[in-house]
Amino acid sequence: MSLLLILYLFALVIIALNSASQVKSVSDFFVAHRGGSVLMITGSLLATIFGGSAIIGAVDAGPSMGGAATWFMLSGAIGLLALLPFLPKIMQVRRFTLPDMIEDFYGKGAKTVASIVIPVAWTGVVAAQIIAAAKLLQSFVGMNYSVAAVLCAVVFIGYTALGGQFSILRTDFLQAGFILLGILALAFFTGQTPILHPGVEAPQFPFNANFSGLDLFLLLLTYATTYTSGPDMFSRLFCARDEKTAQKSVLIVAFVMAIVGACIGFLAEYAAIIPSVNGEGAKIIEIGKMVLPGFWMPLLGLCLLSVVLSSADTTLLSSSIILTRLISKSKLDDRAEINRTRWVIVLDGVVALLIALQFTNIIGMLLLALAVYAGAFTLPILFGLVGLRSKPQFVSAAIVCGGVLAILGKLLPQTSIPHLGDFLLIFAFVVNGGLLLLGRIRKAP
């Protein structure tokens, strides 16, 4: 298996080298010259969504959530479908990054705030991918967690800096295929395996003692909304050839997400009822070792390696492009801006690695980062997409207050007040929306 994984990584490097040689402009590096077909955009969306945090982390949550882990993918699909009415506006704007679009809506001040807050939140998402990758190697080859985290970070940071958006689109479709085949095969063979402990019951879908209706509401509020207004979703759509291409891709991806979500929920239930699935390694790998025929294990290895690489590179590139455009006060020629972006990719990746070395909870890290983003940006983006406008100072205040309240809701330790963290998460959206309405610019009659 080790040889197969090495050959796979080598193939990705060859693709990246080829892509790097074709990058001639900022448009090539940032949005692949806006030439993505339905297959390319669908594959890239799927590969980005099927990140280590969405699959490996959801199955890891099996003992506590069981079948309710299905909601991670289902809520994401709901959020993605909610994006459909806004596609005409998104494709009309056709910018490089989400903060560029925010500037169109609210001015440079709001763009600056967005360009600071988004990379902070998205560095946490990159850290979640490093955690997932390290757990993968830890389970497959018994590698020390810290060593595995450093190794994986070096691989995908270098890969991202090398090829930019061209190499990401070209490899994502291949990686999405490996991911789908691996997950479907694992779910199939798990279903063919007799339950070793029939007396043990897993937490069920849709709700159970560890996942209530309130938890689903908060998941929709802080997780699903990032599929409607997240920079990674927009960065994929900005690469699409036209609006029809983007629309078809979104519909296909939402359908596939529902199927994969059911598979993940089933695997999470299996992880909950098999006591032998434990330890520090990823539970999805331990399930594979128990149920897959020997010749299928290399496929699972390729599947999970694709899971990590395909999401990490997209997230890291999105964050780094935003940072580059923030610090580039004067206009640079294309080559200089591409090179500066490559250095930012390296620095941003190193920060994410340092975070991953301190925290090892994939879902916890993911939901923290996404909650900050959702509390800060969901409402301002949707507000702008529907044609409403607010004064820049109110938009900046809404972003900062919403983000701060959301992070407090996630980090605040348990107190004597029940659901205080949940209340703060909801309050983040209330304050955000209130500030936007307070500063609303009304059109002259």
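Heads up, the Cβ atoms here are built off N, Cα and C, so glycines get one too.
Keep in mind that TrEMBL annotations are predicted by a computer and have not been checked by a curator.
Copied from TrEMBL, the annotated features are:
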type	residues	note
TRANSMEM	6-26	transmembrane segment
TRANSMEM	38-59	transmembrane segment
TRANSMEM	71-91	transmembrane segment
TRANSMEM	112-134	transmembrane segment
TRANSMEM	140-161	transmembrane segment
TRANSMEM	173-191	transmembrane segment
TRANSMEM	211-229	transmembrane segment
TRANSMEM	250-275	transmembrane segment
TRANSMEM	295-323	transmembrane segment
TRANSMEM	343-360	transmembrane segment
TRANSMEM	394-411	transmembrane segment
TRANSMEM	423-441	transmembrane segment
Requested in this report: Examine the transmembrane segment (250-275) against the transmembrane segment (173-191) and state whether at least 3 Cβ pairs sit under 8 A, considering only residue pairs 6 or more apart.
Outcome: yes
Query - Candidate ranges 38-59, 71-91, 112-134, 140-161 - greatest C-beta contact count to the transmembrane segment (211-229) (under 8 angstroms) - result: 71-91
Query raised in the report: Who are the long-range neighbours of the transmembrane segment (394-411) in its own chain, taking Cβ under 8 Å and residues 6 or more past its ends?
Result: 102, 105-106, 109-110, 113-114, 117, 121, 222, 367-368, 371-377, 379-380, 421-425, 427-429, 431-433, 435-436, 438-439
Report summary line: Long-range Cβ contacts under 8 Å made by the transmembrane segment (71-91), restricted to residues 6 or more beyond its ends, are 49, 54, 58, 101, 205-206, 211, 216, 219-220, 223-228, 233-234, 237-238, 240, 242-243, 246-247, 250-251, 253-255, 257-258, 260-261, 264-265, 382, 385-386
Query raised in the report: For the transmembrane segment (343-360), what are the same-chain contacts with Cβ under 8 Å, counting residues 6+ beyond its ends?
Result: 119, 123-124, 126-131, 134-135, 145-146, 149-150, 153, 156-157, 160-161, 316-317, 319-320, 323-324, 327
Query raised in the report: Other than its close neighbours in sequence, what residues sit by the transmembrane segment (173-191), given a CB gap under 8 Å and a spacing of at least six beyond its ends?
Result: 39-40, 42-44, 46-47, 50, 55, 256, 260, 263-264, 266-267, 270, 284, 287-288, 291-293, 296, 299-300, 302-304, 306-307, 309-310
Report task. Please indicate, using numbers and ranges, the residues of the same chain that are 6 or more beyond the transmembrane segment (38-59) and have a C-beta under 8 Å from a C-beta there. Result -> 65, 69, 72-73, 76, 125, 128-129, 131-133, 135-136, 168-170, 172-177, 179-180, 183, 227, 232-233, 236-237, 239-240, 245-246, 248-250, 252-253, 256-257, 260, 264, 267-268, 271, 282-284, 287, 304, 306-308, 310-312, 314-315, 362-363, 365-366
Query raised in the report: Residues of the same chain, at least six outside the transmembrane segment (140-161), with any C-beta under 8 angstroms of its C-beta?
Result: 1-2, 9, 12-13, 16, 129-131, 133-134, 167-168, 280, 285, 301, 308-309, 312-313, 316-317, 320, 342, 345-346, 349-350, 352-353, 356-357, 360
**Report entry** Other parts of the chain folded back onto the transmembrane segment (112-134), taken as Cβ under 8 Å at six or more residues beyond its ends
**Finding:** 51-53, 56-57, 98-99, 102, 143, 145-146, 148-149, 152-153, 156, 231, 282, 305, 307-308, 311-312, 315-316, 318-320, 322-323, 325-326, 348-349, 351-353, 355-356, 359-362, 365-366, 368-370, 372-373, 376-377, 395-396, 399-400, 403
